[in-house]
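This report refers to the structure that appears directly beneath it.
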Amino acid sequence: MTIDNHQAMLVKTRKEESFQTVNMLLLDNATIIRLGFFLGIFSAMAIWEAKAPRRVLQQSKPTRWANNLILTFLNAFVLRLVFSAAAAGAALLAAEKGWGLFNTLPVPEWIGGLVSVLVLDLVIYTQHVIFHKVPVFWRLHRMHHTDLDIDVTTGARFHPLEIIISMALKMGIVVALGAPAWAVVVFEVLLNGTSMFNHSNINMNPGADRWIRRLIVTPDMHRVHHSVLIRETDSNFGFNLSWWDRLFDTYIDQPAAGHEAMKIGLANYRDPKWLKLGWMLVVPASRYER
C-alpha cells in the first residue's frame, strides 16, 4: 500500500468515525431532540398566531386546544406502548442485520440519508392520498378534518389508529431502504415541525409565502386542504415538501372563497361536539361520510 493510499484510508476512517459520533449523539438524545423541537416550534407558532392571526377563529379556543393537546399526548403514549423503539429502532435493527438497500449498496452514508428523507416524504404524501381515497382509511383520517378551525394544534390531531398504521408503514419503508437511523430522526423532526407550521393560523407576507411554498408547504397552501369543498379537501396532500402536489397534479393555489371566508372542516360534521375527545375517537364509526 502506498503512503497516499494509506493517508486516504485514514482520512476516510476519520470521516466515518466523525459521522458515527454525530449519529450516536442524535440517537442517544432522540427523545430530547424531538421534544425540544416540538416545544420550540409549537411555542413559536402559538405566539405568532396570537400576534398575527390569518383568520378569525370560529370555535372555542380553550375547548379545541385542550382536546387536541390531550389527543397529542394520548397518541405519544399509544405509540410508545405499541412500538417501543419505533422508526429509529427499526433503522438500527436493519443496520445490525444488514437489511435494506443502503445497508448493502456501497454508497456514502450521507447520500443514503438524504435519499431516505426524500423517499420517506414521498411515502407520507402517498399515504395521505390513500387515506383520502380508500374508504376504510378515510374513516380514520376524517377525524383530522372534523376540526372546525385550523391552527397549530390541528397539526397533531390524528386518530390513534391512523398514527399506528402510519408508524408501521414508516418502519417498513425504513427497513426496506436501510435508512440510517440519524436520517430517520431528522425526518421525524422535520415532519413534526412542518406539520405544526403548515397547520398554523399565522399571517405570512404573501411574497414570502410564494417563495417558501416552492419548496415547503406553507399554512396558506395547506389550509386549502382543510376546506369543506371536496375538490379542495382532495388537494394539497403534502406535509413537508411541496413538490409532490405539483408533480402529481394535486395542487390548488388558493381556496375559491378566499382564506378569510372559506369554511373549514367537513359538511356533515358542523356540530361542535366533534371537537371533544370522546367524539373525536368515535368518528371512524360515524355513519356520516363528509
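Cβ coordinates come from backbone N, Cα and C, glycine included.
Note that TrEMBL annotation is computational and uncurated.
Noted in TrEMBL for the protein shown:
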{"type": "DOMAIN", "residues": "114-250", "note": "domain 'Fatty acid hydroxylase'"}
{"type": "TRANSMEM", "residues": "31-48", "note": "transmembrane segment"}
{"type": "TRANSMEM", "residues": "69-95", "note": "transmembrane segment"}
{"type": "TRANSMEM", "residues": "110-131", "note": "transmembrane segment"}
{"type": "TRANSMEM", "residues": "167-191", "note": "transmembrane segment"}
Among the ranges 31-48, 110-131, 167-191, the one whose Cβ pairs under 8 Å to the transmembrane segment (69-95) are most numerous: 167-191
Contact call for the transmembrane segment (110-131) and the transmembrane segment (167-191): at least 3 Cβ pairs under 8 Å, seq gap 6+: yes
